[in-house]
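A short write-up of the structure that comes next.
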Amino acid sequence: MLKSPVQLLMLSHARAALVRAIAASASCREAQALHSLAWKLGLASDVVLVTALLTRYARRGLLGLAQRLFDEMPRRDVVAFNAMLAALGAAGRVADARALFERMPGRTPASWNAMVTCYCRAGDLGSARLLFETSLCAGSNSVVSWNAMIDGYCKAGSMDAARDLFDRMGSTLPDVVTWNTMMAGYLRGGEPAAAIAMFHRLMQVQQQEHRLRPTTVTMATAVTACTQVGDFALGRQIHLQIQQQGTRADAVLSNALMDMYFKSGSADLALDVFRAMPPSRRNLFCWNTAIAGLGMNGRGEDAVAAFHGMVRDGEVKPDAVTFVAVLSACSHSGLVAVGRELFADMLPVYGVPPRAEHYGCVADLLCRAGRADEAARLVRAMPGRPNAKVLGSLLLLDAGVRVPERQEGGGVRMSEWAARRISEMDVGDGAAYGLSNVYASLQRWDRVEEHRREVSAAVRRGKGPRRKQPGRACYDSG
């Protein structure tokens, strides 16, 4: 039966509204309800609407539903093929994605981008590069293809290959995502100075050509790089630039700024950044940074107040990292009663099971307060075997507390007991490496020589102490 012009107009409006609703659907159940409505309205075969549903199902991880929709489509355009190709790539179905790519009746730059990204995600950079170069020859690539290939090299730690591609792009092709990807790659690879150099170069291009606008990701990566190299003056300049440009700092950028200010000893400036954030945008990472930063700056009471503020706010729940931060703050500020209470409340009140690192924080808190016996009982009673970090808090009890040697678990006897437990766990462990100094302080020269021989033997076997890698932070390049 033919529809009247009014009915066709209403159907067109309904179709447009359905497509918008599908794109904005917040749950799988909502998307499926809209799918049912499309059937009732006779729009189940509409290519645009079905492609929107296919994309929504794929993003929710419902690849089976997405595949069935695609297979049942009476006709498919290149957009539908690209959506299915991206869905297969996101699910790691590389062989299926390549098979679909090969039978596509036509390909757009988005098709090549999806396939290159699929190979990069799977870590097959050789196939990705071959396909990328083929797309260049076919003239079917875009900046997205370049970005996908560069991102693949960055995430694989192949920064030389990434830089070669970046340089091949010339001065006009890279967009801000390209620059962000390179900066994040250098930062992830432990080269913060190179990330800063890339940032300076980006700012020069931006001033000369006025076509690139740094994003919050750009600024967050640059600030993190400044923190890692200790160039806090440049970090503050970047913050000033952010304020002058009126850039609205998101949670990632705010967190990077707070971390920089705390590590430079400017706790009040870090708190200014925190307070400037709308309460709804303060995520768990921001709260943890604030609590840990206050603790490392000797403001334990403020750290505890921040913890209680987070709990009171109710939007974010503390996790294991939160408790390491607040317990460490208590330890460094001598808040014994508060620290013990927080530790006792972890599981029953907050639902966070104490781990070895939490026991280590409390043991350190008790040792600093001169409560050697209590620290020893805590470590000996903890579930599971204490690790080197926990036992490390007991190593130098003698330096701060002199307990008669005959007393069980105190003084010389406890530190030596802890030392032997660490040595038995892994003689090549970083904590075990310094045990000869502990034995020397106890004038146990026989143990000094014995331990040094053990460490030398471990080094020869390739099991020597592992050097600690510098802290890193990574940001997506979007």
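Including glycine, each Cβ sits where the backbone N, Cα and C put it.
Whatever TrEMBL says is automated annotation, not expert-curated.
Feature annotations, courtesy of TrEMBL:
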REPEAT    77-107  repeat 'PPR'
REPEAT    142-172  repeat 'PPR'
REPEAT    175-205  repeat 'PPR'
REPEAT    283-317  repeat 'PPR'
REPEAT    319-354  repeat 'PPR'
REGION    455-478  region 'Disordered'
COMPBIAS  460-470  compositional bias 'Basic residues'
Remote residues contacting the repeat 'PPR' (283-317) - C-beta distance under 8 A, at least 6 residues beyond either end: 251, 254-255, 258-259, 261-263, 265, 267, 270-271, 274, 277, 324-326, 328-330, 332-335, 338, 342, 350-351
The repeat 'PPR' (319-354) - residue tally per DSSP class, helix then strand then coil: 29 helix, 0 strand, 7 coil
Integer mean pLDDT for the repeat 'PPR' (319-354): 96
Number of helical, extended and coil residues in the repeat 'PPR' (142-172), per DSSP: 23 helix, 0 strand, 8 coil
Helix, strand and coil counts within the repeat 'PPR' (283-317) (DSSP): 27 helix, 0 strand, 8 coil
